[in-house]
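Record features (TrEMBL):
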| type | residues | note |
| --- | --- | --- |
| TRANSMEM | 37-57 | transmembrane segment |
| REGION | 153-176 | region 'Disordered' |
| ACT_SITE | Glu266 | active site, proton donor |
| ACT_SITE | Asp399 | active site |
| DISULFID | Cys462-Cys494 | disulfide bond |
| ACT_SITE | Glu508 | active site, proton donor |
| ACT_SITE | Glu533 | active site |
| BINDING | Thr619 | Ca(2+) binding site |
Amino acid sequence: MTTPALLPLSGRRIPPLNLGPPSFPHHRATLRLSEKFILLLILSAFITLCFGAFFFLPDSSKHKRFDLGLEDVLIPHVDAGKGAKNPGVFLIHGPDEHRHREEEERLRNKIRADHEKALEEAKEKLRKSREEIRAEIQTEKNKVVQEMKIKENKPLPPVPVPNLVGISGGDPEDNDIREKREKIKEMMKHAWDNYRTYGWGHNELRPIARKGHSTNIFGSSQMGATIVDALDTLYIMGLHAEFLDGQKWIEDNLDFSVNSEVSVFEVNIRFIGGLLAAYYLSGEEVFKIKAVQLAEKLLPAFNTPTGIPWAMVNLKSGVGRNWGWASAGSSILAEFGTLHMEFVHLSYLTGDLIYYKKVMHIRKLLQKMDRPNGLYPNYLNPRTGRWGQYHTSVGGLGDSFYEYLLKAWLMSDKTDHEARKMYDDAIEAIEKHLIKKSRGGLIFIGEWKNGHLEKKMGHLACFAGGMFALGADGSGTDKAGHYLELGAEIARTCHESYDRTALKLGPESFKFDGAVEAVAVRQAEKYYILRPEVIETYWYLWRFTHDPRYRQWGWEAALAIEKYCRVSGGFSGVKDVYSSTPTHDDVQQSFFLAETLKYLYLLFSGDDLLPLDHWVFNTEAHPLPVLHLANTTLSGNPAVR
Ligand code: DMJ
């Protein structure tokens, strides 16, 4: 509530009321009788007025009740006589008692309402936890800072744009490969056009019901997840009209001041990653600005006793919390450990170190902790800073944490040695405890649960084939070949998981148990939801080996998707890859456009499109340029685009 002061803050003072008689020194002697009479009349009217005011002025004891911050309504404004809305006591002229009573009544009601409101707010506060209150205070502070920034209308500081090599092209010389690439582009058109027609602005598409779709990771509002996630794929495929259409939607509609609780991780990898990639590729400022606006909304999630962020945050209130299913109220390794790439770019582009500091704080904290068998458990409590359940996995809950350690090093032009060391140590422990060979000779990555190895590998863990290949260079001369080989083995195992199904599409997870090898056993693990990880690994292996088997395996997967997942309204996941008559789940995931189709397109493109020594792909396949941080500063630089 704003409170206009009697003595205004600006230092202006109320001009003293001049109650004395008017003075006309030069004309007094020459005043005529009629003029004297008029003056007398005015004087008597003035005296009557004062006399009346004396009787009708409110009782001062009543004033006291208004002293609780109500100067705005009782104390006269400097310019109260010029028609101010809240007339002060000096405006209560004459015996207008009725008006006066009404005014008093209004004031009393206002006070009552204000008190009730304050009481309610206090009660509400008492119901909240300390963390929630702290988060609210922080949000308020952020809001003020943001408002100040907007007021200042200061553009983001110009920074040197990294070397943007290979943002288009990649045309294959081979006719057959060119046709395959065209086919993938056509699949992208089909997915996009149907989303455009039936799901525009919604997060995702239901291709059979032909309407919008969403899940709780995106909160309750329509944030156009598919648009943001798909932009860079459209760009590299040369679908420029579609790209501009998406850009226009973002300019006009993408708004983050919504009362909606979102997943910090998902919003970071899909939205911030997608917007940053779109910015770097197209140079359009709007993407950078939106990415920064969104990042500011995620910051309250870090207001925990340890600085390990909550899994979810309400974009409006800034209140954060963790998933109900997570062990002991923990945050998830793959979630709080998959922010580094985007946050370093945010600091680079804004000159604001806050993002960089947040992720480096997480790293430092992890470095200090004991790791059972050298492994990182998937659960960490943000209140106590202690591990939850000892469950380690390279699939869901752990996966992209390891990926981002490696990519932090690559993205820093291989200068972030600390990240590389953490990656090497983690992979060594994983290889020792989690990676095994099946009886049939398939190398797989199991999951470590309280000292016991579960011989189960998730589709998500299949990305690790690509990660091992990508990390081979830099792992020491004696180990580079080993890791490339390990990557190739994982690719082979994951290909087997596809090949051993009726649809030639991989299940969500598969077992290695006795006679069962690379096959899902439980019904609940037999679905395929258009995931990219296996194709991602084929692409990395293709780039590093140029072994034609990876293009062949990729093409098999593309044909299977086309045959079993394509419907007239887009693409859908399937519920059972072992059934030759699949049932659709009726969801076209945004990562299908961001990742699956992008990796397929790159698999059938030349290596000059987004070369890996200039670009690092975030975990949602959004390419971000290598930052040659050694030659620049994080705090902005006068060079311009
Ligand atoms: C994607 O959103 C990202 O790849 C993430 O890291 C985990 N998996 C999904 C797609 O399967």
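Backbone N, Cα and C atoms are what each Cβ position is placed from, and that goes for glycine too.
Where TrEMBL records a feature, it is marked here on the structure.
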residue : record                    : DSSP (3 states)
Glu266  : active site, proton donor : helix
Asp399  : active site               : helix
Cys462  : disulfide bond            : helix
Cys494  : disulfide bond            : helix
Glu508  : active site, proton donor : coil
Glu533  : active site               : helix
Thr619  : Ca(2+) binding site       : coil
Sequence-ordered recorded positions from Glu266, Cys462, Cys494, Glu508 with Cβ under 6 Å of an atom of ligand 1: none
Listed recorded positions among Glu266, Glu508, Thr619 whose Cα sits within 10 Å of Cys494 (disulfide bond): none
Residues of the region 'Disordered' (153-176) by DSSP state, where helix covers H, G and I: 2 helix, 0 strand, 22 coil
Integer Cα-Cα distance in angstrom, Asp399 (active site) to the residue listed as 'Ca(2+) binding site': 9
Listed recorded positions Glu266, Cys462, Glu508, filtered to Cα within 10 Å of Glu533 (active site): Cys462
Rounded inter-Cα distance in Å - Thr619 (Ca(2+) binding site), Glu508 (active site, proton donor): 18
Neighbour tally for Glu533 (active site), based on other Cβ positions within 10 Å of its Cβ: 24
Distance from Glu508 (active site, proton donor) back to Glu266 (active site, proton donor), taken between C-alpha atoms, in Å: 19
Cβ neighbour count (within 10 Å, all chains shown) around Glu508 (active site, proton donor): 20
Site of maximum Cβ density within 10 Å, from recorded positions Glu266, Asp399, Cys462, Thr619: Cys462
Packing count at Cys494 (disulfide bond) (other Cβ atoms within 10 Å of its Cβ): 28
